[in-house]
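Colleague: Not my notes, these are from TrEMBL:
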- CYS82, CYS87, CYS123, CYS127: [2Fe-2S] cluster binding site (BINDING)
Amino acid sequence: MFSEATLARFAREVAKYPAEQKQSAVMACLSIAQQEQGWVSPEAEKAIADYLGMAPIAVREVTTFYNMYNQRPVGQFKLNVCTNLPCQLRDGQKALEKLCKELGIEDGGTTPDGVFTVQKCECLGACADAPVMLVNDRQMLSYMSDDRLKELVKVLRASAKPAAAAAKKN
Ligand code: FES
């Protein structure tokens, strides 16, 4: 299920906790699995549950609670736009709709070339900077006006790996 390198990374995370509390490494293991496979499949959840001595449902609860875990394959760039109330009051929903329109997909969808996935998300803790969004769960972007969204799509598309497009065609 996992590469040797991934298992070594799991072991490093588990070593940070007392042996009887190795389940504490579940979030780290899920993140590592996602880095390797692009998403957290049910098989990966089960393998992590076995590895950590947890019930599979307990791992599933973690995967489904946090936005950052992809429960299905996503595009090379996952774009999360905050649509919680403070952002709603400052064009968060409009930004989501603009992005979806720009890419020709629905909220939660992935472009046919496999480059972009767009999803709404919960508060990112930067309400004063609305509209705000996250790129690939790591990079926060603020004040996403229509022009900035357009520019973002242009820049990301230009930097997309050809593999993403090729993979989707097969
Ligand atoms: S409500 Fe959008 S960042 Fe807080």
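Note that Cβ sites are derived from N, Cα and C of the backbone, with glycine treated the same way.
Tell me what's around each of these sites.
Modeller: There are 29 other CB atoms within 10 A of the CB of CYS82 ([2Fe-2S] cluster binding site), with all protein chains counted.
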Colleague: In the same chain, which residues outside the set CYS82, CYS87, CYS123, CYS127 have their CB within 8 A of the centroid of the CB atoms that define the [2Fe-2S] cluster site?
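Modeller: For the [2Fe-2S] cluster site the neighbour list reads THR83, ASN84, LEU85, PRO86, GLY92, GLU122, LEU124, GLY125, ALA126, ALA130, VAL132.
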